[in-house]
Amino acid sequence: MIGPSIPKELLEKKKQGSHDDHSPSTSPPHSPPAEMAGPMLPPDLMAEKQKQKEQSDDDDDDSDAFTPALPPDLLQARKEQKQEHQQQQPQQRRRRAPVGPALPSQQRQQEDEDDFAIGPVLPTGYDPQRDAVQSTIQEVEQRLESSKTAMEEAKRGDKDKKVERGEWMLVPPEIDYLRGADSSRSRGFNQSSLSTAERDRSVWTDTPAERERKQRAQERDDAAANAAPSRPLPPVHSRYDDDIRRNVQQYNNTERAKSLMEIHREMGGRKRKEQEDVTSRPFDREKDFLKSSRPMDKRQKKEMMKRVGELGNRFGSGSSSFL
């Protein structure tokens, strides 16, 4: 039993009062117990279950029941301390502490605040303003150091470097301006591209021996260009080619009829005879020049020269007629 015991005289008075209250004259008629639906436990098991329930209720009332049992003297001192604390703070109700180790409340609150942070956590002593100033100072110092090193290297290079003329001062001009200088005509921009001879700058640096060698080479090139072109040798046909050509012609004349191409050429020849074509008839000076009042332009001249140059290809033949 926990707590002070009740005196005997008070306990007897309490029993007598409770007996008077439950007398048969004043007590209401005894009502039968309520009937329960379903199976029921035997009386011995029911009593044991009720006893275990009472023990669990007693254990729940004690918040520190998870530790080993204390000695009697320490247990009595602890109970007295709890009673004094309850008397001093009757209205405050203590919250039941969790079983086992728990984190401090301050650390739990800090973790809840950090849940919304994205990215790596900044260091504890981070000051953005101070770090910005420090980085700026470091950048300026590095720039000054690099410029100082560059100036020192430039000074050392100037001492070792020899004074020489630039390449643009030693290269001769591309065009001989003195050859074409004429003050009597107005000058303007050159509209045509420079030829190979005009772009040649070797005349400024050639020696007399080189000039003579170039002149002889130029004379040889001119003589080779002006020489008459050699006539091509007539094609030499072997007896084998002549026999094949004769047999093919004989077979075509006897066995084969005229092809569509030959019929088309015959019909085209008849039409050309009826309608005279200038390009198909031979050259006639009176018809081509005297009767035409309009002179030939450059395009017509070039076209005529081109046709004349192709006459050799039209009437020429290869060295072999068959494969």
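Glycine is no exception: its Cβ is also placed from the backbone N, Cα and C atoms.
What TrEMBL says about this one:
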- 1-243: region 'Disordered' (REGION)
- 9-23: compositional bias 'Basic and acidic residues' (COMPBIAS)
- 46-55: compositional bias 'Basic and acidic residues' (COMPBIAS)
- 76-85: compositional bias 'Basic and acidic residues' (COMPBIAS)
- 140-167: compositional bias 'Basic and acidic residues' (COMPBIAS)
- 176-185: compositional bias 'Basic and acidic residues' (COMPBIAS)
- 180-316: domain 'DUF3752' (DOMAIN)
- 186-196: compositional bias 'Polar residues' (COMPBIAS)
- 197-223: compositional bias 'Basic and acidic residues' (COMPBIAS)
- 265-302: region 'Disordered' (REGION)
Distant-in-sequence neighbours of the compositional bias 'Basic and acidic residues' (140-167), which means Cβ under 8 A and at least six residues beyond its ends: none
Predicted model, mean pLDDT over the domain 'DUF3752' (180-316): 76
The compositional bias 'Basic and acidic residues' (197-223) - residue tally per DSSP class, helix then strand then coil: 22 helix, 0 strand, 5 coil
